[in-house]
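In Swiss-Prot this protein carries:
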- Asp67: active site, proton acceptor (ACT_SITE)
- His63, His65, His140, Asp211: Zn(2+) 1 binding site (BINDING)
- Asp67, His68, Asp211, His269: Zn(2+) 2 binding site (BINDING)
Amino acid sequence: MELLFLGTGAGVPAKERNVSSIALQLLEERGATWLFDCGEATQHQILHTSIRPRRIENIFITHLHGDHIFGLPGLLGSRSFQGGDTPLTIYGPKGIQAFIEISLSVSYTRLKYDLQVVEIEEGTIFEDERFLVIAKQLDHGIPSYGFRVVEKDLPGTLLVDKLKVLGIRPGPIYQQIKLGKTVQLDNGTVIDGRDFVGPPQKGRIVTILGDTRYCEASVELAKEADVLVHEATFAAEDSALAHDYFHSTAVQAAEVAKLAGVKRLILTHISSRYQGVLSEELLEQARKLFPNTELASDFSSFIIPRKK
């Protein structure tokens, strides 16, 4: 599991930072990539990475401001042109379906793959046997969502030595036992699979928030997350501007991280007024309150290790 930042700027493209897009690489977990937001030129940013558009499985849109969605039509079309034929689902606020349908229609773009668009409300918006995604609305003046990506716990290690003591040899029965099922052996003995499996491996939690002021929903979504990705559009001294424009300061992002008990905070969505040394000052402001904070730049990559 890896977070790869494709765009870390705010509002409009800048020389140092493109507009918002984050890739959650789940290659080991499901052979796929999930995108969070798709600002202008996201597909161009992808060209500088190892991401393959045909492997993009889901796209989660936080809100409908242009710096978070204007890259969608081009990426969708190019994915088809480059031979992508696997289904793709886009999750986003009400209005995202109209935006996509109109963009593709007026440009005569024909997709060769199945595209599903889901207009979301608060609650569980995605779930399968491995992952769960929960959405909550934030505070941004227009509907803006944060996403809590939960990897479900994995079964514990099969205690092979313990099975061999009972004379149970490797075979299909091992899979049944690893799933914790009750199994009857050839000699009639009944064993409880749970007695032969180690403790479950705790899944990881990644919280990615859209644009927002400080709000309780941010804290709830980030509760005990392994990683919190939070916007830091403004410095602490510009907190009045942050409030007026429905954004957060780096210090407010750190406050959310501390209250939520997260392990790691990554700052993104940085205004172009803070370039070079000034952006490092945002990082230092956050670290005074939450030391395990990092500042994302375009193409920054962060590995999220499994819990021990």
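Backbone N, Cα and C atoms are what each Cβ position is placed from, and that goes for glycine too.
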Query = Near the Cβ of the residue listed as 'active site, proton acceptor', how many other Cβ atoms are there if near means within 10 Å?
reply = 22
Query = Given the binding-site residues His65, His140, which one has the fewest other C-beta atoms within 10 angstroms of its C-beta?
reply = His65
Request  = Just jot down the residues in the same chain as His63 (Zn(2+) 1 binding site), at least 6 apart in sequence, with C-beta under 8 A of its C-beta; none if empty.
outcome  = Gly92, Pro93, His140, Ile142, Pro143, Ser144, Tyr145, Gly210, Asp211
Ask   = In the structure shown, which of the binding-site residues His68, His269 has the fewest other Cβ atoms within 10 Å?
value = His68
For the Zn(2+) 2 site built from Asp67, His68, Asp211, His269, further residues of that chain with CB within 8 A of the site's CB center = Ala10, Gly11, Val19, Ser20, Asp37, Gly39, Thr62, His63, His65, Gly210, Glu231
Protein Cβ atoms within 10 Å of Asp211 (Zn(2+) 1 binding site), excluding its own = 28
Note = Whole-Å Cα distance, His65 (Zn(2+) 1 binding site) to His269 (Zn(2+) 2 binding site), is 13
